[in-house]
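What Swiss-Prot says about this protein:
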DOMAIN    8-223  domain 'Radical SAM core'
BINDING   Cys22, Cys26, Cys29  [4Fe-4S] cluster binding site
Amino acid sequence: MSQNKPAVNPPLWLLAELTYRCPLQCPYCSNPLDFARQEKELTTEQWIEVFRQARAMGSVQLGFSGGEPLTRKDLPELIRAARDLGFYTNLITSGIGLTESKLDAFSEAGLDHIQISFQASDEVLNAALAGNKKAFQQKLAMARAVKARDYPMVLNFVLHRHNIDQLDKIIELCIELEADDVELATCQFYGWAFLNREGLLPTREQIARAEQVVADYRQKMAASGNLTNLLFVTPDYYEERPKGCMGGWGSIFLSVTPEGTALPCHSARQLPVAFPSVLEQSLESIWYDSFGFNRYRGYDWMPEPCRSCDEKEKDFGGCRCQAFMLTGSADNADPVCSKSPHHHKILEARREAACSDIKVSQLQFRNRTRSQLIYKTREL
């Protein structure tokens, strides 16, 4: 083993992407563009076996995601199995399809945590972004129902150029709903968000205003005794150093797609790397021995300027998926880094954002028809 290759720890966090089915059409969805090609889903028994193997390896947190995980009728059974194995369980949902009776069933099964996503602070923009006119009122009702059952009230808003200027109203809504934690996550440009980047990336001025709004509310809320935690995540497109993506490749996080492909991050399936299936190999073998999970572990794979950089142990060379999307090779330095020879790609994106006039209605919305059209066009 190379002296530059650190010991491999077990995956602490397992993300179960139960399905790509979803009633919404968000144009910033992180699901793959060709999700419509993925028709198969793991069975209840197969998912439980994945949970069992992950727990035996040392995983402690399990997220149920999608698509919309509520479309799986076996969700209570999966929650119960995960709880019986000792996982801390988190449901990541749009709230569409959620009912009070389902909440009661999830509680009885042992679900620990629910995170509900909103698209905006008002019904009109929420409907335009979600592609569902009834979504906003349903989300409000379910957020209140979650709070009434003493779950931690966790709300998520994906921010972009079309809703970031209403950030004060978003925070006011969170206060009204008595949220405990609020994730104000500026759009991360993978999947459908990358396809729509020119129409979604906020300007630098919008980001600066948003940072001030969050700072002002944190101060006011602290003064009034409101303990709501506001987590504001800015886009790395306006940073000069890359993020330490997923805490390092194959270091903490393991994702399993609906049909069973194991990934070191939920965007990695787009890379020209063969990732194994949980139906063909054990999770232990996948995590420790597979080529895909070892491809970008440690530092030996790094090109210059990453290899000799004194910050490599902090950012791990940045995001491999972002490097691939922007440069065509996942081996390259993340273009976010000002030291990268490809940093001009980020500068170009900033310039595009500064002059973009793309409206919400002009975005490419995530739906099965559009997905089928995209992959058929790419096969020509």
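From the backbone N, Cα and C atoms, a Cβ is placed for every residue, glycine too.
Over the domain 'Radical SAM core' (8-223), the average per-residue pLDDT in this prediction is 97. If you draw a 10 Å sphere around the CB of Cys29 ([4Fe-4S] cluster binding site), it holds 24 other CB atoms from the protein chains shown.
Listed in sequence order, the residues of the same chain lying 6 or more apart from Cys22 ([4Fe-4S] cluster binding site) and placing their CB within less than 8 Å of its CB are Cys29, Asn31, Gly66, Gly67, Glu68, Thr71, Ser94, Arg366. A sphere of 10 angstroms centred on the C-beta of Cys26 ([4Fe-4S] cluster binding site) encloses 23 other C-beta atoms. Those residues of the chain, other than Cys22, Cys26, Cys29, with a C-beta within 8 angstroms of the mean position of the [4Fe-4S] cluster site C-beta atoms are Leu24, Gln25, Tyr28, Asn31, Gly67, Ser94, Trp192, Arg366.
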